[in-house]
Amino acid sequence: MNYRHAFHAGNFADVFKHVVLCRILHYLCEKPAAFRVIDTHAGAGLYDLTSSEARRGGEWPGGIGRLMAAAESGDIPADAATLLKPYFDVLGALNERGQLKIYPGSPAVTRAFLRPQDKLIACEIEPDAVRALARNLDNDGRIKSIAIDGWTALSAYVPPPERRGLVLVDPPFEEEADFHRLSHLLGVAHRKWATGIYALWYPIKGRGEADELAKRVRKLGISKVLRAEHLVSPVRDQTRLNGSGFILVNPPWTLERELEVLLPLLAQVLARETNSGGYRLDWLAGEN
């Protein structure tokens, strides 16, 4: 595996991904019953934005850097600011006031929401990331990091004993077949655990692969599927990452309304150029 997320930590795709993750976790915490999160491609857990990789990648200033600047200047409307507060709280707990040095990966974001009764299974196969993940998270008894291929993990740990929770799937998409794997293995996992929340992230360079993914998901016959996409630029140049999306199975009933507030803001604040951002929010199955 050649992908190293340290080069991309805190970029616009991470912001979108983790804002959505925070809203799902916030919803799960509203009830006292325990939940479990299965993070199939967990990465290293924490990322140093002052590292040589982050500096070489140079992506976080256009992502979390820009969103935090908008918040500090008062350019985020009150309704969106309320929805973003849990995300900013996670960042604030890891950094000194007014500074941004450490950016959390999805397992660290999840850890911030876990209560004593909740659990996280964090899966990773890349050796360096496995070691970093163990260093960053293994001192927490609620969390178990496992060196396992994320595609195998997607269906290996469902249904969880709690029968309540989230499967987060965030692969690096290094291979063309990954889009097909995503829809196929969603079907496998959903047959084993039909009531769980599934959040399947995917990159958007061009429309073709993303739209084909949506068609295949529709054919799975799942009753409730929300699609959310965030773009920082039009998809004319398909050699670069223009945005990312989520396939959301059994999303919290609050999430659509929240994304109606958040997506326009993210499209505006994180746009590569003035007015170049965009978004899409629609139901592939269910509540239209």
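Glycine too: its Cβ is placed from the backbone N, Cα and C atoms.
In TrEMBL, annotation is done automatically, which means it is predicted and not curated.
Feature annotation from TrEMBL assigns active site, proton acceptor to D170. According to DSSP, D170 (active site, proton acceptor) sits in a coil region rather than a helix or strand.
Secondary structure at E124 (S-adenosyl-L-methionine binding site), taken from DSSP and collapsed to helix, strand or coil, is strand. Summarising the environment of E124 (S-adenosyl-L-methionine binding site), the number of other Cβ atoms within 10 Å of its Cβ, over all protein chains shown, is 28. Annotation source TrEMBL lists S-adenosyl-L-methionine binding site at H18, H41, S106, E124, D149, G150, D170.
The site 'Interaction with substrate rRNA' feature in TrEMBL is assigned to Y3.
Of the listed recorded positions D149, D170, the Cβ environment within 10 Å is emptiest of other Cβ atoms at D149.
Taking only the Cα positions, the spacing between G150 (S-adenosyl-L-methionine binding site) and D170 (active site, proton acceptor) is 9 angstrom. Under the three-state DSSP scheme, D149 (S-adenosyl-L-methionine binding site) falls in the coil class. D170 (active site, proton acceptor) has its Cα within 10 Å of the Cα of these binding-site residues: S106, taken from H18, S106, E124, D149. Under the three-state DSSP scheme, H18 (S-adenosyl-L-methionine binding site) falls in the helix class.
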